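*Asks:* Structure provided below as structure tokens; questions to follow.
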Amino acid sequence: MLAHLLINLCIIAIPVAGHIGLRGLQGDFPRSPVVGILAHPPTKYVPHPYILEYNDPNLKSLLASISGVLFTGGSLDQDLRFGHPYVDAAKVIYDYAVDRYAKKDPFPIFGICQGHQLLALLAAGTHEAISEGNYTTNNVALPIKFVKAGGEMLKSLPRAVRKILETQNVTANIHSNGVPPEMWKIHKELRKQFKMTSTSEDPVNHKIFSASMESRLGRAPMYSVEFHPEMVSYVWHPALMKALAKTAESVLVANSVVLFIGKVFRDKPHRFKDSTALSKAFFRKDTFRCPTDAALIQGFCLYNISSYSPVV
């Protein structure tokens, strides 16, 4: 699953297949997609041991070999601006995806939380597409409201999952910034690239923000969500348990969305010719780390979930 990364500067991290990073590459060359993850500090966990610090021209040469890129969540907030290394790296990736699509060779991007806001910024050409600090949704689970039919991603979900999304508090929201619906009226380029596919409402101030969006037909394939489907099943954090609802319904929704994310990249095979070429893309190897309330057992973070009280 997707997770947070610990890094020193903006990076592209390359998760190969689930457990490959724990065993090494020898004799186990993956044919599954190789997805880049653009991340930045301050984050706490290293989910995979292989990390490449980005810097041109190495970034573009790496993009040519991988299957797509995930823009993760994060906490840049008011620093999410053109001129910041993270945003500048993201623009290189965004422009690369647009160019690849023009050549009929799609290169997908998926954004989560800050990644959702980042894609809006890149499409609009300005950070003003993001409403900063205007939401109280930094630890809350919410339903979503579909815009029309909800777009390719939401329409692909089972009917029961769609109903849960619309009627129950299952999406993990951990943000105070967001992209409100009116930005589609204000920013022409945002409107040209993306259609908003769902919204959520701040339960305190009742302000609306886009909960998901995806590229319009005829545009480079990009999808994003403001909530965190990757955290619900695997993160146990006492300070975030209001957002990370641990119910059968929330886990079903999260896993359904994550399966769609996997589908986005699955039909885009990587272009490393062998394990030697793949290993050369890795800049350094970092030790897998777990949060302080979990133990590393056979390559996995094992949580003592009995210490957590259910949120009612």
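Every residue gets a Cβ built from N, Cα and C, even glycine.
Note that this is a predicted model, so its numbers are computed, not measured.
Features from TrEMBL:
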ACT_SITE  Cys113  active site, nucleophile
ACT_SITE  His228  active site
ACT_SITE  His228  active site, proton donor
DOMAIN    66-241  domain 'Glutamine amidotransferase'
SIGNAL    1-18  signal peptide
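Any idea what these are sitting next to in the structure?
*Replies:* According to DSSP, Cys113 (active site, nucleophile) sits in a coil region rather than a helix or strand. For Cys113 (active site, nucleophile), other Cβ atoms within 10 Å of its Cβ number 25.
Proximity of His228 (active site) to non-local residues of its own chain (separation of 6 or more, Cβ distance below 8 Å) is seen for Gly73, Ile112, Cys113, Thr171, Ala172, Asn173, Ile174, Ala243, Leu244, given in sequence order.
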